[in-house]
Amino acid sequence: HGFVQNIVIDGKNYGGYLVNQYPYMSNPPEVIAWSTTATDLGFVDGTGYQTPDIICHRGAKPGALTAPVSPGGTVELQWTPWPDSHHGPVINYLAPCNGDCSTVDKTQLEFFKIAESGLINDDNPPGIWASDNLIAANNSWTVTIPTTIAPGNYVLRHEIIALHSAQNQDGAQNYPQCINLQVTGGGSDNPAGTLGTALYHDTDPGILINIYQKLSSYIIPGPPLYTG
């Protein structure tokens, strides 16, 4: 359980959507992060994969602000302390807003995957996962923005999928977090994307899986990685 509480973009700090505080405030600060109604700090499971809640978390609404990022620039997402039992992949997507991200219809966003990390080492099941590397990096994850994509406004969809109960159908726990970015530069690629409600199904091999057995490999969920 957890959420992104701070974001560092090209060395500049931006506050996250503090779901443990902001829903209870009459006038919460405007941020680049999307708001959610997940005040339990919880997740979306397979029963929500074909609903809008999987896109940017439960009841998500666009952040009012947008942060500039240079092509090849870095976005560091700083989480609340992540439970070490919650092993799983960390996946990052971008979707063009085709306009202002603060007013975008999330159900129309088409995401392409820009980074993925899954099972690192399975010598001693459940093994070492991307989530463990996130914990080791002081509960943070850094994603690099591709240099090849066309400039414009994008939603970054950053996600941990916790697999500690994934041996049961709908046992995997998705924690998507979205932020608004304005990518600058001279790229020209407009990669094909996938609607958020089509990213996952609850029987995908990387979603319905027992991580407490020896795994020869792990198939990271979602569409193929964009490599530029």
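Going from the start of the chain as shown, residues are counted 1 onward.
The backbone N, Cα and C atoms fix where each Cβ goes, and this holds for glycine too.
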- Return the residue out of His1, His201 that Swiss-Prot annotates for the same Cu(2+) site as His86, Tyr175. His1
- Name the cysteine that pairs with Cys101 in a disulphide bond per Swiss-Prot, restricting the answer to Cys56, Cys97. Cys97
- Closest by Cα to His1 (Cu(2+) binding site), out of the recorded positions Asn138, His164, Cys178, is His164
- Within 10 angstroms of the C-beta of Cys178 (disulfide bond), the count of other C-beta atoms across all shown chains comes to 30
- Query: Of Asn138, Gln173, which of the recorded positions has the most Cβ neighbours inside 10 Å?
  - Reply: Gln173
- Message: Going by a 10 angstroms cut-off between Cβ atoms, which of the binding-site residues His1, His164 has the sparsest surroundings?
- Response: His1
- Message: Taking DSSP as the reference, which of helix, strand or coil describes Cys101 (disulfide bond)?
- Response: helix
